[in-house]
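Quick look at what Swiss-Prot annotates:
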DISULFID  Cys247-Cys249  disulfide bond
DISULFID  Cys280-Cys283  disulfide bond
Amino acid sequence: MADRLVRATAAAGGIRLVAVSTTNIVREARERHGLSFLTSVMLGRAMTAGLMLASSMKVRHGRVNLRLGSDGPIKNLMVDAGRNGTVRGYVGEPALELDPIQDEAGHFSFNFKEAAGTGYLHVMRDDGKGEPFNSTVELVSGGIGEDVASYLLHSEQTPSAVFVGEQVNSAGIHASGGLLVQILPKAAEEPALVELIEQRCREITGFSQRLAASGDQLEDLLLDVFPDLDPKPLDDAEASQELRFFCPCSHERSKAALLLLGRDELTDMRDKDGGAELTCHFCNNRYDVSAAELQELIDGLPAAA
């Protein structure tokens, strides 16, 4: 089944809900980049969060970038997500794997904090109208959910809960997705309702298991986690949206990027290497540019003064 996003409200319109399934997206990213289990999960969580953030943008061409800049062994992580349901991303050390951590109950989990280290989450929102909006917050845990919730609270002044999760088995990614819960201004004026919503969010346990159990039926997931808050998908065409991994890179874009190198560098590549090879960071597609194509680029540049 295709990955999808569902927009909904609950508590009589007092809270905004966005649920997403990203299993296929994460599987494709894992295959494209040769990701380990740890980096598959970290990039998957970031792509999930990026899609949930982009879902609130007013224009369909709007995009959200999430960048994790830290001193941890993952080095860096970058995600580009669109309001149109597309997403792409990469990590600095795709093969990174760390020993899992074990809690008092004997359960194992990924060591996100060690992988991320200390650093910042940088968020950029671009609606294509003037300068993009940029914001930076300190990393809370490196597990993405708490980090994005911190961004929403401190940069957008929107009380939010962000749940991201996955189930991993020996074959790879069994399930991946997330849930965004935001208290709307209407509910923020009612302390009792705010307290109830916060309590319900604290009571959400085993999110990854519940996500996997719901499969692609995200409406069932909403009913499962908020049974007494009457979650309802929006009553319009925006209620459900298909999601996919997509990168707009191309052979022509690769050649356009080479123009930035200038005449001397292009000439050197033509003469010494007989062409050029470019690899897209976001999707790992490779593009080969021949010596003849390099010559065409050189011929199109303004003559040297």
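Positions of Cβ are set from backbone N, Cα and C atoms, glycine also.
Predicted, not measured: the structure shown is a model, and the values here were computed from it.
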Separation of alpha carbons, Cys283 (disulfide bond) and Cys247 (disulfide bond) (Å):
6
Secondary structure at Cys247 (disulfide bond) (DSSP, helix/strand/coil)?
coil
Might you list, by sequence position, any residue in that chain lying six or more from Cys283 (disulfide bond) with a Cβ less than 8 Å away from its Cβ?
Arg32, Arg88, Phe245, Cys247, Cys249
When you measure from the Cβ of Cys280 (disulfide bond), which residues in the chain that are at least 6 apart have a Cβ under 8 Å away?
Cys247, Cys249, Ser254, Arg286, Tyr287
Local backbone state of Cys280 (disulfide bond), from DSSP in three classes:
coil
